[in-house]
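K.L.:
According to TrEMBL, the protein carries these features:
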{"type": "DOMAIN", "residues": "39-82", "note": "domain 'P-type ATPase N-terminal'"}
{"type": "TRANSMEM", "residues": "71-90", "note": "transmembrane segment"}
{"type": "TRANSMEM", "residues": "184-207", "note": "transmembrane segment"}
{"type": "TRANSMEM", "residues": "238-257", "note": "transmembrane segment"}
{"type": "BINDING", "residues": "303, 304, 305, 404, 446, 469, 500, 580, 581, 582, 675, 681, 705, 706", "note": "ATP binding site"}
{"type": "BINDING", "residues": "303, 305, 702, 706", "note": "Mg(2+) binding site"}
{"type": "ACT_SITE", "residues": "303", "note": "active site, 4-aspartylphosphate intermediate"}
{"type": "DOMAIN", "residues": "728-975", "note": "domain 'P-type ATPase C-terminal'"}
{"type": "TRANSMEM", "residues": "792-812", "note": "transmembrane segment"}
{"type": "TRANSMEM", "residues": "842-864", "note": "transmembrane segment"}
{"type": "TRANSMEM", "residues": "879-898", "note": "transmembrane segment"}
{"type": "TRANSMEM", "residues": "910-931", "note": "transmembrane segment"}
{"type": "TRANSMEM", "residues": "951-973", "note": "transmembrane segment"}
């Protein structure tokens, strides 16, 4: 096989390229009349990784330096393949090798459900035979073979030009609100650091400008120091002060945050409440970077089928010619919505019943699953096992939609069984157990625009019949008006009850009508240009003048505890939007069943057909009064209206429509968007995500059509449902059932946010307490960059003395028990909108750090106003001064964390009291031994001598108590609001 045609690499720009490609099969030589152009198709390699050898360094550096701290650390440091193809199927290897043919097909494009091509088969001394190629002839990666052991094919797309490769979209780096707050706080502390360095550098030269201060008699300058440029020396001093004070930037905080996120994610995986015995799986965490974001969700976007509902379709009832048939009850009864004045013709009714059931058995794309010797038969949807096991005498079914299996099984309940399709022959078994055989002539495939599908079959007697099923809005305009009235009320009632409805119609084609239809369909399928438009025109031409037989009602039951979950989310202050492709009536009923819409909710519907009407309706809704007391609003919009709003004829109107749309939706407790395409779902999420205030969004779904909105939202949740694992693979978190979302957000999300918010504020606070005395000390040492603390203390403070308590706190703290959080969804609102990382609590922590830093330094200085602090009259030196300050510091910040702890475990006790004991032990050990590798040992016996002074003991204890006194008074005097607010306000550092 060889390929010829110059093509240009597929891309999304406006670059011109050849419309089709030609592939030569069976080593057929290029015709003499054609110019041979060497093939330039890409190889079969696929790159799906985020990084390559060439772009790893720049891409990774960009991702890392989005954190301001990493760029700062760099500055301080400078100062100090898988393969796959798409195939077209052939019968046998021998046939393939001897097949002289060419395949013309479209250039690579990402639509998985579209493929336009044709095959020319050449035979000696005969006209070439032309065969149409469509999506049903294209084999993609991940396809599963059924009822056959192997296939042979011809590669038409390779490597990065395959559809799967073109559909690959690298996940964007999601950043949590906490990380953005850290960057903002870090800028403040960078400014503080630079300000300190500038102040000390300036005051140093001001102080040295005085006579005798720059060059005292005991510290004469060398000639090299005298010759050094003044500005260069000032810059060097500035950098020295930056290094001296750089500990104010919490380097270890980033390590602790990453450890907290990684280790904390295991609590979700280990939660036994998330385990589902049905699928024998629990929750899955695909990314730990967004744990705290689970506690900040403001908008929840959910799919309906498979998410709110079980996606386990069950045939409930049908209506045939105005007569209602209940599931498992084949008796015919007159529907209350149908009026007749004449006796029912039972013979005629029986004929219509059988015609309707034959339509259900023939109008579908279901395949029969053949069982092996020991295989248990189950129905499959898109290759996913999980439907109910079938008795041995029955066959399992394979279908792309659970609706089709439900309808085929519904026909079985009334005596008509689909036996399978073999060589274009469809076999069914009727009520009399006779086998009926029909020749399948054409399948008019379902598509979301037509919202219907049809088959053309031929009976053994030669009659040609067209059977069609689809949405009522698609079928009713194509049948006789008098037939619609007998069915419409039945369909509307079923939709109101939450059932999924389909209408069934048929048409008998004459020989002339079929000849025209057959010719038109074949010609349309052989074209390469505008094939879809031509097929659509033929479908519309054939599917007219039909007779309406009846309608079906299929139930998709609600997920377990779906209503309680939605009610809890709304109680937590989240706004829930349902984005579904289902019809409005069915989706509306589901929303009522899930309690998203209450009986007292006023529903605002926007289903206009023209842009002008839409403008009037939008303006009316947006200008209405929203101040009605105790009145909840719900908003309903369909895909057609949304498309008009998002893509108006005049681009200038787009922003106005979106603004009005958001204004309406933000005043509603719940929003229903029906008849939505996957791309529209992502557009809705993106529009809300980028709206004023940048609210945190969460998308949850179970199927491939939900992947786009899952990737678009701040947090994506996948449900391990029956529509494959695409949503799970592309999500940030995966849960077995919708009911688990309640605990994931209200309990885990709440606690994760509180823990990490406290961790961030605590790190900035304790480092400010740590470095402020160092800054103040420069005013008393001639701005000489003399450190207040020993180098060992500088290194060990964040690594050993204060790191483990806050890590344990950030993993184990439960300021409110999970049971109370689940029972009182309103507690979620207490931490909404990043409440604990706003500027007000940040200012509180900063003021607290400044107060304690000043108290540490000047309290110890007051002690040193009496130089003789030991019984033998010896005086303490500067290292004793710094050690006392450091001791007060370590004990104060650790005990501050102990005061904040509400949930004590043995681990908390161990790390808090163990850290303090380790500090004391280390100080004795470090200062009690002469270390040979140290040139100078500043703390030799300093700590032991310090503790021998009663005055030092007294000052340490008093300063610790005075430092913690404001916190104790705040806890005692704070007045809680609400039944459980005491737990919240005891914890939060400032009343909100």
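Going from the start of the chain as shown, residues are counted 1 onward.
Heads up, the Cβ atoms here are built off N, Cα and C, so glycines get one too.
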K.L.:
Would you mind checking how many other C-beta atoms are within 10 angstroms of the C-beta on residue 706 (Mg(2+) binding site)?
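P.N.:
I count 32 other Cβ atoms within 10 Å of it.
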K.L.:
If you count Cβ pairs under 8 Å, which stretch among 184-207, 238-257, 792-812 touches the transmembrane segment (879-898) the most?
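P.N.:
Stretch with maximum Cβ contacts: 792-812.
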K.L.:
Looking only at C-alpha atoms, tell me how far residue 706 (Mg(2+) binding site) is from residue 675 (ATP binding site), rounded to the nearest Å.
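P.N.:
Approximately 14 Å lies between the Cα of residue 706 (Mg(2+) binding site) and that of residue 675 (ATP binding site).
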K.L.:
Mean pLDDT for the domain 'P-type ATPase N-terminal' (39-82), as a whole number?
P.N.:
62
K.L.:
Tell me, how many other CB atoms lie within 10 A of the CB of residue 581 (ATP binding site), whichever protein chain they belong to?
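P.N.:
For residue 581 (ATP binding site), the count of other Cβ atoms within 10 Å is 20.
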K.L.:
Cα distance, residue 702 (Mg(2+) binding site) to residue 675 (ATP binding site), nearest Å?
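P.N.:
About 17 Å separates the two Cα atoms.
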K.L.:
Considering only the binding-site residues 303, 446, 581, which residue has the minimal Cα-Cα separation from residue 702 (Mg(2+) binding site)?
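P.N.:
Nearest listed residue in space: 303.
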K.L.:
Given a separation of at least six residues and a C-beta threshold under 8 Å, show me what packs close to residue 705 (ATP binding site) in the same chain.
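P.N.:
In sequence order, the residues whose Cβ lies under 8 Å from that of residue 705 (ATP binding site) (at least 6 apart) are 303, 581, 678, 681.
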K.L.:
Determine the Cβ neighbour count for residue 446 (ATP binding site): the number of other Cβ atoms within 10 Å of its Cβ.
P.N.:
18
K.L.:
Do the transmembrane segment (792-812) and the transmembrane segment (184-207) share at least 3 Cβ pairs closer than 8 Å, excluding pairs fewer than 6 residues apart in sequence?
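P.N.:
These two stretches do not touch.
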K.L.:
Which one of these stretches, 184-207, 842-864, 910-931, has the most C-beta pairs shorter than 8 Å to the transmembrane segment (238-257)?
P.N.:
184-207
K.L.:
Return the residues near residue 500 (ATP binding site), defined as same-chain residues 6+ apart in sequence whose C-beta is under 8 angstroms from its C-beta, sorted by sequence, else 'none'.
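P.N.:
Set apart from residue 500 (ATP binding site) by at least 6 residues yet with Cβ under 8 Å, we have 313, 403, 553, 554, 555, 556, 582, 586.
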K.L.:
Measuring CB to CB from residue 305 (ATP binding site), give everything in the same chain under 8 Å that is also at least six residues away in sequence.
P.N.:
311, 556, 580, 581, 582, 703
K.L.:
Over all shown protein chains, what is the count of other CB atoms within 10 A of the CB belonging to residue 702 (Mg(2+) binding site)?
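P.N.:
Its Cβ has 30 other Cβ atoms within 10 Å.
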K.L.:
Within a 10 Å radius of its Cβ, which of these binding-site residues (303, 675) has the fewest neighbouring Cβ atoms?
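P.N.:
Output over binding-site residues 303, 675: least Cβ neighbours within 10 Å is 675.
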